[in-house]
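As recorded in TrEMBL, the features of this protein are as follows:
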type	residues	note
ACT_SITE	275	active site
ACT_SITE	331	active site
ACT_SITE	354	active site
BINDING	394, 396, 442, 447	Ca(2+) binding site
DOMAIN	267-357	domain 'Transglutaminase-like'
């Protein structure tokens, strides 16, 4: 017999311990709980095996390992990996190594490939052991496509369970708190279910599960699945103002309720969402799966539905819109962080994708991911959906006036698309301006170069028109809901001649996506005379009695001034959106904030309206604060003008650290006023 031949004996495993507490903490998944194994790819984890007979002998003992994911695992698709024991772990592929001395307890270290498909896995060890675990993307692993080399950014974009979404207007951005709650009980399972409900999985599950190795594929899939337009997606959009059969998008304070509702009602869409809700839910799913993600807001966002990079608006002689393509007051989408091996290396990094259903892409309501760098450089042929996102931040805006006799003429105005693109700062609630990631400074040589590449002819030909007459709108410093206040149209004559003009100055309610409501006050001055160098300030009084029934729950009023120069027949338009201030919600936390200690939030709001508030209700929500639920308290009686609505709501924090307590106040006349308080929970 050949003495060099070693007879390998397979380890006979009796029982095992997945060491979830240690592994989940090491893989930064312990916020999901430590009752099951959840690990990140490309990083080793260690389990304890207890042998039934014999003991582990280096070089003699063997173990066949098979890792499988999806209903049709195959080595060809990368959804099945077969490997044995090695002397050391190899983090570039599936591998296993024993890290303990010989004996009847074996510490087995296992590592997945850094490009393995994410999802639910079964790992078979030898003939008797079969364990289950969940594998996630790993932004801490340099070989993973979602690797991010900054701990503070990772704490914000992967681990943070709450955030701020910017709404309002570019002159008055409003912080809206949001509870992402990606680590709350059951949320990860729902996120994995979203992947399994997508039409590509239904059609070819083997291929779809294989695609889950690629964050580009997952990002595109999520932008389709967060809306329900082509599939059993999560949310149904509604911009009509009528929310029967569901709730107003302003009702939501976090993603958990939405995801749980979708899961509980057998994947029927949750009613209703609008852009910030779609983006926030997508952000929750991205972070849950391990892809760094943030919600961004683009103010004065264009919806170019014919792809010509021009937004055309027609107004009548009073500046009232007759027909138009949409300009949203603001629009939210998400950015996720990944490499783009399908493109050049300069396109790695932040990628925009948009789950709000606006236009179809490859036959499906989805958008992105597209590198921000591609938008900035005007590279509109790159994947995916570059022209649509480029138009959102760069489209030209042209207004025509349609006269009573049917003729049309171009209106001069100074409205710029894509203003003050915003996201929450890393580690604070401050606004970070990221416009420079999407576009070069207005008028710069680089901007012209990007427009040339994008073939954006109208912007290239545009010259600043200075017609000598100037029109702007100025507003008061305080515009609180419930008060009467003045706004001003300011007309100045920079020419050498006398001017005689007509000035129309009007106001109306408007929704954030540009849908215009009823008028709430106007002035029509037929004879405004201006001598050379003269400036006139024309006030318009906005009365609560007129605007209260016109503004939506978002409190936006559109002001528009139209100036007709009788001598040149030129028309100038100035437009401005104002947001009425809601009353402040005051939040006091009573008691010393500690883990698993019952606390009370004392919440007050003063009624600013000249009429009583009926059906008042406060509700609170917060990751690791309210047990994954919304806690509500309804007031027994109405709250008169100037009076305070006041409640105490009890909650028990379950984890230490900085947490955001999000509060919503709803009533008959003040709808879904939001507030929040950052609370530091001690051990």
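Glycine is treated like the rest: Cβ placed from N, Cα and C.
A map of TrEMBL features onto the structure.
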| residue | record | CB count, 10 Å |
| --- | --- | --- |
| 275 | active site | 27 |
| 331 | active site | 28 |
| 354 | active site | 30 |
| 394 | Ca(2+) binding site | 24 |
| 396 | Ca(2+) binding site | 22 |
| 442 | Ca(2+) binding site | 10 |
| 447 | Ca(2+) binding site | 19 |
Structural state census, the domain 'Transglutaminase-like' (267-357) (DSSP three-state): 18 helix, 43 strand, 30 coil
The domain 'Transglutaminase-like' (267-357) [mean pLDDT, rounded to integer]: 91
Spatial separation of residue 275 (active site) from residue 354 (active site) - C-alpha basis, Å: 9
Those binding-site residues, out of 396, 442, 447, that come within 10 angstroms of residue 275 (active site) at the Cα: none
Rounded Cα separation (Å) that holds between residue 331 (active site) and residue 394 (Ca(2+) binding site): 14
